[in-house]
C-alpha cells in the first residue's frame, strides 16, 4: 500500500488550472493544507475568487455524489441567507474537485488582531449577524460543520459571512487518533479546536451521520468566546478532551473575564456538554434580546443594512465602472434617511425625537456668525438657546438671563456636540459608521463626499475617543487634498469637530498633532481657494487648543509610566526628563502654530483675516499675554487701514475678548486710540461695532473712570444720528457707563452729562428701554442730509470752524490728555495719506461740548442753512445737538475720501505704466457677408447643435438676449481691448461702410417695408462684437446704400423684425426708419432669386415695455457706405470669418460663437392673423364667384347646421388612425397626429362648380425622426402651434420633440429645432403641451407628463430650463395652460387639482381643488376687446406683419383650389392680441364617474348601468380665484358642485399632511384612481361677434362641448342659454336650466338622443378613395376624444372619435 501511494505524483496546479479552469488566472497560493489546497485567482472580469482544490490521487474513487450534495446545499442558501457566502461553482474531474467562492480580504481571525481593534458594540453586532446567519441556514436544513474564526469573513463595513461550508467532512472523529482532526479541521495548524465534544467518539462507533444544529451552536460559542476574550482561543484539542471528560479545565473561570453576565450565560449555554441542553440559534436571539443584543438590532439596523449594502451582491459583483455610483448612492441613501426632518426608524434611532427640531451641531459652521446661522436655519435659535442653557446649568450658571442670545464661541460649539446619547445611538453609530467610512474613499461626486462627511460628524459623536482617532480620522484625512474646495472645507471642519471632543487619548496618539495633523494641514495656508483658507483660519484656534490639551495628556501618561521616553536608556520614570520633554514639545507646538497664525494674519484675502478674528480668544489663551501682544496685536492694528469695512468691523467685534488677555495697559496704549478714531468711520456698521466694544470694555472695567467720562462725552451726540443700530449701540454705552459708577459718581459725574440730552428728569436708569424713552430722539434723514450738504457747500461758515480740507494731521495728537485742544492744523492733500488711522492717543479736532444753542456762532450763510433745518421740524433749542455732530460729519467725510482714494490707488496699481507697450496687436474679425440660404443654415445648425452648441453653457445677460440672433450679413465692427481702449480696423474706415438691404412685404397692396438694421451683436466678451445671424438677409453689392443711425457710443442699436427673440419689445417711434422704394425692392428680390430679406429696422430695444410693434411710424432714413472689397473673408466652410490665422484658440472661439448663434436661431416664419380675430362666416349654399367671396358680409349670427360634410379614416388607432387634431392659427389648414408617428397637414378644397361639395386634401406629411435601431416610429401624442405662425411642435411617446415650419401651399416643411425630453420613461408619456413667448422674445414650451412632471424648455436652444416633479398625490397631470410671458402655468390633474406653478422660480404658488377629473383647459382670450376700423399689423412671435393670403384670380369652372383663397380679415385694435393673451380666465372641462354601487370599474370594459359619466365646463379666473360660469351635463344632484376651492400649499411640503384620499402615501400606480371616467370631457372655445358685423361690437365666447363618453357635440352659449344647440344630433331634445346665481350654474339634461345622422345629401369625399372600403359602419358610434373648430372659409367642427376617425361637421 505504501509503495503504491508513493508512486502517485501530485500534478502541478498551474497545469490543472490551465486545462480544467481556463477562465481563471493569476493563481496565488494561500496555504499548504493537506486536505484542500487554497488559491486566490481572478476571473475574466477581473473579480477575485477563492478556489479550494482537492486532488484525487485515487481515480477509482468517485467524488460526484459528494460534490452534488454540496452543490444542492449551496444552491439552497444562495441569495437566501444574507450572512452566508456559498460556493458559486463546483466542478469535479477525474483529477481533482474544485470549490469556488468569492474572495473576501479579511476573516474574523485577522480582524481581531488588526488595528483599530473592535469595540464591544461592534463585537456584539458581529455576534448577532452570525446567530442570524446560522439560524437561517438551519431553517433551510443546512449545517456548516466547521465554524471557526478563519471561516468567518468580515468586510470593511463589519458585515459577517459564514463561509467554507464543510458538510462533506466527516461528522464523527476518533477520539484516540488526532490525525484525522488535524487532516480535516486543523488547516491553519493552530491546534485550535471548535468541534463539538460529541463528535469525538471511539473508533468502533465511527459511522456516517448527518450534522446537527447543536454541533454548529457549540462551534459558534467558541468563536464568540474568542472574539470577546481577544487573547488565546477557548479550546485546544487537549483542553477540549479534558472539558469533555469533566477534567481540570475550568471553562467558567475563563469566561469570567467577560464583564457582561448575560453574555457569559449565553456562551456557557452554547458550550454545554449535553447537545440537548443547547438551544437553537433562533431561541438564543429571542432569549437574549434586550440584554446581550439591543432591540435596535432586531427592529431597525439589521433589515436596514440588508437593504442598503445588499449582502448578496458579493455573489454577483458590480462592474468596476459602477462601483463609484454604487458607493455614492449608498452614502446618499444613508444621508437622506438620517438627516432630519425624516421620521423613519433610522432617523428616530440616531436622534432623540424632537430634540433638535431639524437642526444639529454638525450643521453649525465654525466660520459663520450667529446671524448667518440663524438665517440659514430658522429653527436654530430656540435649539441653540436650549442647548446653551443646558450647558450653562451644568456649569453652575443658574442665574442666566432668559431669552438672551449669547454669541457663539468655538468652545460653545464644541460643547454642543457632546450631548449625551442613549444606548441605541451608540449601537447605531457602531453599525452605520463603518459603512460610511468604507465608501468614503470610493465616491467621486462632490455631493456624496460632503454627505459622507456630514454623516461622519453625526455618527462619530456616539463612539469612544480612541475610535475617533484610530478609526475615523485616517479616512477623513484622505479628503484634505480633494479636488473640490467644498469637500476640503467639510473635511477640515469634520476633523476639527472630531478632535475637539476628545477627552482621553491612548499612548499611540500622544503626538498626533505634531507628527500627523499639522504637517498635513500646512498646505491649507497656501490653498488657492480663499474660502478654504478662511475655514482653516476659523478652525486653527480650536486645533491649537486641542493640541495643547493633547500635550498635557501626554505628560500625564509619562508621569504615570504609561508613555515611554524616546530614549531607551531611561527605563525608570524621571520627572525631570519628563518636564524637559514637555517644555520641548510645548515650544515646538507654539512655533508651529505661530507660523500658521502669522501666515493667516498676513493673508491677502480679507475673508481669511475676518475668519481668524472671530476666534481670537482660544489663540490668546494658547499663546499667553506676552505672545498675544507681540504676535496678534501687532498684526491686528494694520487691519484698520484696510478698505474692507467688514474687516474693520470684525476687528472691533473681537477686541473685547482680546482685551481680556492683553490687559488694561495695552488697551489704554493701543486699543483705545484706535477705537476713538473709529468713532468717525464712514461705515455705520463699523461705528456700531466700536460702540459695542466700548460697552463691553466698560462692563469689564478695563477703563479708568475719567476715560469712561470722556468716552461718554463723545458718544452722547451719536444718539441723534439717524440710524437705529447706531443709536441702540450708543445707548448701550451710556447704560454700561452709568452702571459702572457708584451712586455718588452717577449723581456728580454722569447725570450732569446726560441732563442736556434728556427730555425730562430721570431718577434712575435701570434698562435700555427706559433710557431710550427719555433721551432725545434721532434726527430725520432729511435733516441729516441737509446737515451734510451744509458742510459740503458752505464756503464762509462760522459753524464749521475747522478747514474742511484738513487732513488726518488735523487730529490732535497728545500724550498728556485724552481730550486736548485743537493745535496748529497743517493742510495736506488727502491723496498723500495712505493711512486711515494712526496708532497714538488722539482726540477729535475741535471737540467742544455745547449744551445750548446760544453758544453757537452762525454767519449769514450758516443762518440760511439753519433756517432750512428749522423748517424741517428741528426746534431752535436743539440746534446745539447738531453742532455736537460737526466733528462726526467732518471726519467721516474725510475718512471716506481717504478710503476711496486707497481703492482707486489699488486699481491704478494694476496699470502702473499705462503708456508702456503691451506688445499685443488688436485684431478686428469680420463675419463673411456671403451666407448660405436659410434652409441650409437650418439643416447645418440642426446637425451642429447636438455635437457642439448644446455643450456650450454660456450664460447671457437679459440685454444680450434682446439682441438679434438670426443669420444676417455682417460687416466691420469696433473691437475693445482688455484695457477699455476702442480700436478701429485700419483697412476699413467707418465712413466706408454702406449696405443696402431691402425686403419685399407680403401685404396686399404691394407696399414694401424696409429699414435699417444693426449688423453688430454684443457678445459676452467685451473685447469683440460679433454679428447676429439672419438667414434671410444678404448684402447688396450693387446698391451699397443703407441707413445707419448711430448712438452716442458709436455702436449700432438693432431691432430685427424677423427675430423670434424680440416678440415683446417695443420700438421707439423716432427710431423706426423706412427706406428704399418698392421698385428697388422688387429688383433686389429678383437678384436674390426669390429670397426675401428681413426688414432692417434700427431702434433702441426697450427692455421694460413688452408691447408688440403696431406698425411703421417713421420713414426717415440715413445712409452710409461700405466697401466690400476691403473685407477679407474665408471661403473654407460654413463658419466663415475674416480671420486668416491658424491659432487654435481663436478658431475654437469663433466656432463656438458661430455654433451658439446658429443654435439659438429659430426662424418660425411670418406671423398670420389669428382666425378668432374675424367673425364666423356662414356656409354658402349657392354658387358665387371668387371675387364676390371676398366681399361676404355677415348679416346674422352663426349657428351649427348639424351636417357632416366629410370624413377621414386612416385606419384604427392601432393602424395609424387620428389621435388628435389641431387647427392652424388662421384656420387655413389643420393638422392631425397619427398613432403611426406621422403628422399630416390638411386643407379643405371645394369645387367652384359645386359649391356645396367639399373634400380634404393632405398637403404634406412627415414622420418623426427614428432613433438608431428603431424600425417603427413612436406614436405622436401631442402637439401645438408656436404662436400665430405656421411653426408646429410635436412630441412622440418616447419624448422626442420636433419643431417644423410648415408651408402647406408649397407642400414643404422645414425642421428648425429638435430635441428630447430627458429621463422620460416609456410609460410616462406627454399628456399636454403649450407654447408661449418669453419676455425676451424667445419661444418657450411647457410640457406635462402622465407621472406629473412639468418640463420647461427653450425651443430655440432646445434645452431644458427646468424639470420638476409635481406632487404625486394630486394625481396625473392631464392639461396645462401657460400665461403670456411664461410667468406661470396652470396644471390640471386627474384628481381635480389645479396647480398654479411659478415658472420663474419653479415653485408651487397656489392650488385649488374640485371634485372631478380635469380633462382639458384653455386660456380664454379677452372678450371685451372691440373691433377697430384702423388697419394694423398684428405682430406674431417674430414681430413681422400679418401675412394675408392673396385670393386666387382663377375663374375656371373645372378647377379646384384651396379654400383659404377667401379669408376676410377683421383688424383689431392696437396690441389687442397681446392684451388678450394677458387674460387669466381659464375654461376647464371636467368629468366624473358616479358610482352608485361603490364598485370599481375596469375602463377596458363597458360602463355598467350603475355608473354614469357626468361632465361639464367651468370658467375660472386664476388671478381672482373666482368661478365665473359653470356648465353641467348629466350631473347628479348628490355630487358636490364642481367649483374650485382654494387649498393652502403648506400641506404639499409635509409628506404626512398631504394624503387627500386616505392616511397612506400613494405611489405612481394610484395617480388615476379617484375621478377617472372612461372618456374625457372635450371642449373648445369659439369666438364670434355679437350682432351684425358692421360697427364696433364685442366678441363673445361659445363653447364646443363633447360630454364624457358621448358621441355627440354640443354648443353652449353662456350669454344666451336658449341659443345653445347640438352640432351632431339635430333631433336631440334637451333642456338647460339655471340652478344657481353665484356663480351661474347651467345644467343640461338630455331627454332624447339619436344616432348621428348620415350625410345630409352631400357626398362624403375621403382622403383616398381607395380607403372607402375601410370605413367603419355608420351605425357604430364611438365616443369623441378630441375636437377643434375651423373658422374659415366657414365654420367647420372637427371631431375625432375613439376609433381614430375624423369627421367634419357644419
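Even glycines carry a Cβ here, placed using N, Cα and C.
Annotated ATP-binding residues in Swiss-Prot are 30, 31, 32, 33, 34, 35, 36, 37, 38, and among 52, 57 the one listed with them is 52. Looking at 1369-1399, 1400-1430, 1431-1461, 1462-1492, the range annotated in Swiss-Prot as region 'Disordered' turns out to be 1431-1461. Per Swiss-Prot, the residue from the list 791, 958, 1016 bearing the note phosphotyrosine is 958.
Record check of 957, 1078, 1323, 1558 in Swiss-Prot: the feature phosphoserine is attached to 957. On the 0 to 100 pLDDT scale, the repeat 'HEAT 1' (56-94) averages 84 in the predicted structure. As a summary of secondary structure, the repeat 'HEAT 7' (665-703) carries 30 helix, 0 strand, 9 coil according to DSSP. Helix, strand and coil residue tallies for the repeat 'WD 3' (1577-1622), in that order: 3 helix, 22 strand, 21 coil [DSSP]. Shown for the repeat 'HEAT 1' (56-94): DSSP residue counts in helix, strand and coil, namely 14 helix, 5 strand, 20 coil.
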